[in-house]
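Here's the structure, in structure tokens; my notes come after.
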Amino acid sequence: MDLSPTLKLAIDLIRRQSVTPDDAGCQELMMSRLAPLGFAGENLRFGETDNLWARKGSEGPVLAFAGHTDVVPTGPEKNWAHPPFDPVIRDGYLYGRGAADMKGSLAAFVTACERFVAKNPEHRGSIALLITSDEEGPAQDGTVKVVDTLEKRNEKIDWCLIGEPSSTHQVGDIIKNGRRGSLHGYLTVQGVQGHVAYPHLAENPVHLAAPALDALANEFWDNGNDFFPPTTFQITKIEAGTGSNVIPGELLVHFNFRYCTENTAESLEERVVAILDRHKLKYDLQWHLSGRPFLTDRGALVTATQNAIRRVTGRETELSTSGGTSDGRFIAPTGAQVVELGPLNATIHKVDECVKAEDLDTLSEIYEQVLVELLG
Ligand SMILES: [Zn+2]
């Protein structure tokens with residue numbers, strides 16, 4: 001079969017078994033294609049994680065494509081119709097771990113650069129790639145450290161296109177222009193352990209905490225806004241009890257906020273503390289902020305991306321901030337505009353992960369048109 005350059009490169013990338021944090025030579029392969037175009041590549045290795053910062057040009061504005069070469073584990077390979085690291089195209093679909101998340105996007109962006117640079121050797125500004133091998137894991141030695149390094153040198157990204165699989169039914173139908181924040185709370189309510197037959201000698205933390213948990217569950221946090229749904233609070237775990245005739249001595253509660261830009265982590269923490277204090281609980285409360293919300297309002301990058309999608313597919317694109325967090329949470333705080341555009345996300349992290357083969361060619365054309373819009 002005569003495969004397009006994008007599909008050939010996607011297949012070569014999927015063959016490399018780059019389970020987090022192993023890059024398995026993917027970044028080197030990408031660099032071997034980018035160097036002849038005039039990109040200068042820099043390997044930024046932190047801990048076990050390989051990161052690539054590649055840039056063509058020294059002037060601003062900087063359009064960076066961000067993504068990851070690492071993939072999630074396959075699970076038992078016997079459950080796959082085809083070996084996950086031996087990609088095949090069947091019935092028009094490319095199968096393999098990382099086909100959709102997100103080696104297909106990496107290939108599409110590299111080939112978009114090849115065509116764009118060939119047609120526009122004197123383009124304005126700079127094209128850059130920020131690639132990590134630690135997006136699916138702890139994400140501590142990946143994008144966050146590269147962004148730190150760039151900030152220290154005062155190297156700025158103006159526009160960042162992330163290749164995460166954003167599309168739902170057709171490629172380009174949805175792009176993400178922000179993500180909600182995620183804040184975890186770990187609450188321990190103290191009581192006094194005792195015999196159930198002598199409750200006057202004990203203090204039941206379940207009974208003490210129940211009205212406060214009810215108040216938290218029914219609190220109105222905010223209304224959301226034009227870009228975000230309302231903030232939600234969910235209890236994820238409750239634990240107490242030592243035996244059938246024992247009043248427990250403490251109660252553990254884990255909860256999570258998915259929050260929008262109408263609140264901050266600080267405002268939510270204050271409001272939770274106020275509710276707990278109002279119920280006169282004795283407690284310990286720990287917080288873990290896994291990502292602040294970010295938002296790229298309509299502007300040059302959103303417009304360029306929507307125009308590019310329309311030009312290639314005729315499609316009108318919907319903006320969305322749904323889904324989990326992404327590495328955009330590290331890039332957006334630098335002031336960069338951030339948009340996520342990638343293939344369909346129906347099979348990501350699943351067995352028999354796949355992507356429609358022609359979608360990768362479409363995606364590559366869209367990326368090329370974004371380059372034309374912003375740097376052509
Ligand atoms: Zn991904």
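Each Cβ is built from the backbone N, Cα and C atoms, and glycine gets one as well.
Unlike curated entries, TrEMBL annotations are predicted automatically.
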From Asp22, Asp91, Asp101, the one annotated by TrEMBL with His68, Glu164 for Zn(2+) 1: Asp101
Of His68, His349 (the binding-site residues), the residue whose Cβ has the fewest other Cβ atoms within 10 Å: His349
Entries of Asp70, Glu164, His349 (recorded positions) sitting next to ligand 1, with Cβ under 6 Å as the cut-off: Glu164
Rounded inter-Cα distance in Å - His68 (Zn(2+) 1 binding site), Glu136 (Zn(2+) 2 binding site): 8
Glu164 (Zn(2+) 1 binding site) versus Glu135 (active site, proton acceptor) - Cα distance in angstrom: 11
Of Asp70, Asp101, Glu164, i.e. the recorded positions, those within 10 Å of His349 (Zn(2+) 2 binding site) when Cα atoms are compared: Asp101
Top Cα neighbour of Asp70 (active site) in the set of binding-site residues Asp101, Glu136, Glu164: Glu136
